[in-house]
Amino acid sequence: MATASAPGKVYLFGEHAVVYGEPAVPCAIERRARAEVTERDDDHVRIDTADLGLEGFVAEYGPESAPTVEAPDSLLEAGLAYIDAAVREARDAADAPDAGLNVSVESDIPLGAGLGSSAAVVVATVAAAAHELGLDLDSRDVAERAYRAERDVQEGEASRADTFASATGGAVRVEGDDCRSLEAPELPFVVGYDGGSGNTGELVAGVRRLREEYGFAADTVSAIGDLVRDGEHALAEGDVEELGRLMDFNHGLLEALGVSARSLDAMVWAARQAGAHGAKLTGAGGGGCIVALDPTEQTETALDLTAECEQVFRAELATDGVRLE
Ligand SMILES: Nc1ncnc2c1ncn2[C@@H]1O[C@H](COP(=O)(O)OP(=O)(O)OP(=O)(O)O)[C@@H](O)[C@H]1O
Ligand SMILES: C[C@@](O)(CCO)CC(=O)[O-]
Ligand SMILES: [Mg+2]
């Protein structure tokens, strides 16, 4: 049996624009997904995940047989797609295309809420499955395999940002296929969660349509790229106040691209009014989480009192990326 865990992330800057080759700076946070993988005697895959559906979710399938499980198709697809793609990548890496595996996944990261739950699940599953099949991948190899798995599931619409941040940990910079780690000062992240989620595929497709239809939407995407380049300087200088101002600006540009939501805006404004350095939505948007920078407790208190906010927590930068447990 092999077990691996991998962290989720928040975006300091650059989600969505990163899909079109602009740079982005995601930061891994101490909320993890764990995958436990055991090789089987046959060539079946059994996936067991406690976090999908009320009673958890189990599916078993072989090379010729479809998954047998009592669940609506959409749940079945959602539950299987990422883990199945991760299993395929690990089997391919280990040159064991027919290896049978039992995979059990559980996670502290809310689903579809902008904290990179899909990437963390995929990264942990690739690392644990490869290890169980006798192959120890380094974090860059795990990141590359996990990226391919996410890209498959999201029909080509994925950047390397989430999977690289999850695999290596820390603050990272991703621009196309150039992925590197960054030095970061102490970043006092506060996360507000509205209890909802957004559909990454649909939100990315919406931005693509706007960008094709309006020149100024394409300019908005490039403006996010310019903002990220400025943000990198602020990060290198440890200028947390400037980082906050740029986060505010980034939220405005994401809002213009149609990926915010009333609940996200309400939480962003609550954080700003409480004196946060800055606040923005994180990840694909549409619902889910915002991230604010505030070393004091005021943003947490204000979000606690905000009707649209279901949960608020402080997020520590995760210095470890994927690790075998
Ligand atoms: N614990 C889990 N067990 C099984 N599948 C999971 C788990 N967590 C996430 N997933 C898969 O990831 C999907 C959510 O991924 P999605 O990319 O939409 O959101 P996210 O990664 O949480 O947020 P974002 O990409 O915006 O940061 C779920 O629908 C599910 O298929
Ligand atoms: C919206 C997006 O930029 C981030 C989702 O966490 C999509 C991606 O980069 O794959
Ligand atoms: Mg995702």
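Any Cβ shown, glycine's included, is placed from N, Cα and C.
Note that TrEMBL annotation is computational and uncurated.
Annotation comment: TrEMBL describes 82-170 as domain 'GHMP kinase N-terminal'. As annotated by TrEMBL, ATP binding site applies to Pro110, Leu111, Gly112, Ala113, Gly114, Leu115, Gly116, Ser117, Ser118, Ala119, Ala120. For Asp162, the entry in TrEMBL reads active site, proton acceptor. The annotation domain 'GHMP kinase C-terminal' is assigned in TrEMBL to 233-299.
Taking the features listed in TrEMBL, we show where each one sits on the structure.
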residue	record	CB count, 10 Å
Pro110	ATP binding site	22
Gly112	ATP binding site	19
Gly114	ATP binding site	30
Gly116	ATP binding site	31
Ser118	ATP binding site	32
Ala120	ATP binding site	36
Asp162	active site, proton acceptor	34
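Within 8 A of the CB centroid of the ATP site residues Pro110, Leu111, Gly112, Ala113, Gly114, Leu115, Gly116, Ser117, Ser118, Ala119, Ala120, the other residues of that chain are Gly8, Ile109, Gly283, Gly288. Checking Cα-Cα distances from the residue listed as 'active site, proton acceptor' against the binding-site residues (Pro110, Gly112, Gly116) with a 10 Å cut-off leaves Gly116, in sequence order. According to its DSSP assignment, Gly112 (ATP binding site) is coil. Among the binding-site residues Gly114, Ser118, Ala120, the ones whose Cβ sits under 6 Å from an atom of ligand 3 are, in sequence order, Ser118.
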